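Report on the structure given below.
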């Protein structure tokens, strides 16, 4: 990869150097590169007959002699060196540059004389980050590091994943999005607003990387459990893609974060002088649909059919429609609907080793009937159908949902949104969650409501009254929106609950036993799923791939984990877990005839590991 600095001009005589501190490309050159002239080969491979402009090698803009009538080839290539190299996050190594590299790349005098290892840099950065008491300060320090030394950022995150995951993603990323305008510094990702309607393809071509494999896109309308944050939702795609690289090994240069800005209905943001998005109410209807369709078409045209597009934090009314509309024409995945479902199903499958029976033996009750709730419910029904050969219409009857109006029952069918109708079973109307628990007597209680402290003491005590080991999953994010805390779940169930949450809770002790709450974090699933799709060249996402990912994750839970109350494996092993998930997803893609990278590798796990990005520093010539 070539980057700006150390100008090298092409001429008949060969390659000669110019200004050591670099130059800028002419507009013609930028257009040539953007249009693909430089995307498949370096400028060194350009026409060997290219000539230096008459103004001489130091006349980099052809200002002295070039005229409109003269035909010139404006190509030039530059190699990162000197001060610019230290400002290039993709290649910067800071004090880890060796003496030989400092001499070869004009770094002498620009760095103190000492040379340190990457390991020592990680140790130093962790020491600095741990000095901060406020999580948002730690988040900002990590984002600064990502923008200054990419490999060190990922090395630190991989080596300290359990400590740093809550910083770069939930719950801290929620606060970061709320304050994104105030902490905004260097822009990350692409912002596509209504102003770009009609020229989105051109906007995508402005992105410097051309070989994009994963796009995470949001419109910011439903950020975690925090509501409409508009353009400031960019923190979510940036954070998700950092995890694609750190946990799943997808190359950073292959990742593109995108925010679709159609306005916001958040009055506080519209009146905030630091807000970075369009200051207008949200566009809806045809205007919204046309912008999204142009984006989806432009992505396919620019990056091809095998680019994975992950929808993130769209409101219910758009999330289901977008997934249904584009799942047959694009490689699309909704993490809120499908990723959450897959990770929760994995936890349920794993928990069966503790509570006994099969999924079909259990009854499931949800508080929350939005994207996450209905997505999880459907995947549970599909897995039961797969295990029992019963029609999915029948297996859905094992699953009950409660929304803001009470238990979803058949008498409410006409007034229900379309995605809730499959869950309208025959039953008398029930208004409260506690009444639903007492009537349905579920073995599994799952919270996806986005409303904190709704699993009250009475609800959990009721669950414990007719279950020896009640399974209680409090999945809403961030921590403030969790339906109950780990302490509440264990205390009110007399230490008998099998508990997991969406955001992390610290280990705690109850009656002499230490419990380590599990986290049903989507980060267990989507990095490995994405890697599996990429390495197989899949062209569509199939439900069987999500089931395969769930089964692969559940298989990683050991008896030692169960003894601590965990239904998910520790995150410290996440790269190995992601490789196992990727292998199962890829195998399913080949089985379904959806893979395009042929032939299929003999050992998919080893192949997955070999495809993973390494954050170790490279040696420069």
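Including glycine, each Cβ sits where the backbone N, Cα and C put it.
Curation plays no part in TrEMBL annotations; they are all automatic predictions.
TrEMBL has this to say about the protein:
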- 169: active site, proton donor (ACT_SITE)
- 240: active site, proton acceptor (ACT_SITE)
- 222, 477, 521: (S)-malate binding site (BINDING)
- 312, 313, 336: divalent metal cation binding site (BINDING)
- 18-27: compositional bias 'Polar residues' (COMPBIAS)
- 36-45: compositional bias 'Low complexity' (COMPBIAS)
- 146-327: domain 'Malic enzyme N-terminal' (DOMAIN)
- 337-590: domain 'Malic enzyme NAD-binding' (DOMAIN)
- 18-61: region 'Disordered' (REGION)
Query: So which recorded positions are near the residue listed as 'active site, proton donor', with CA atoms within 10 Å, out of 240, 312, 336?
result: 240
Task: Using the centroid of the Cβ atoms of 312, 313, 336 as reference, list every other same-chain residue with Cβ within 8 Å of it (recorded divalent metal cation site), in sequence order.
output: 218, 222, 223, 236, 311, 314, 319, 334, 335, 371
Query: Which Cβ among the binding-site residues (312, 313, 336) has the fewest C-beta neighbours inside 10 Å?
result: 336
Statement: Rounded Cα distance in angstrom between residue 336 (divalent metal cation binding site) and residue 222 ((S)-malate binding site) is 10
Query: Can you tell which of the binding-site residues (477, 521) has the fewest other C-beta atoms within 10 angstroms of its C-beta?
result: 477
- line: Same-chain residues at least 6 positions away from residue 240 (active site, proton acceptor) with a Cβ under 8 Å from its Cβ, in sequence order, are 169, 216, 257, 310, 312, 335, 526
- prompt: Distance between residue 521 ((S)-malate binding site) and residue 313 (divalent metal cation binding site) at the Cα atoms, whole Å?
  reply: 15
Message: Restricting to the chain of residue 222 ((S)-malate binding site) and a gap of 6 or more, list residues whose Cβ falls under 8 Å of its Cβ, or answer none.
response: 228, 313, 314, 315, 316, 319
- prompt: If you draw a 10 Å sphere around the Cβ of residue 169 (active site, proton donor), how many other Cβ atoms fall inside it, taking every protein chain shown into account?
  reply: 24
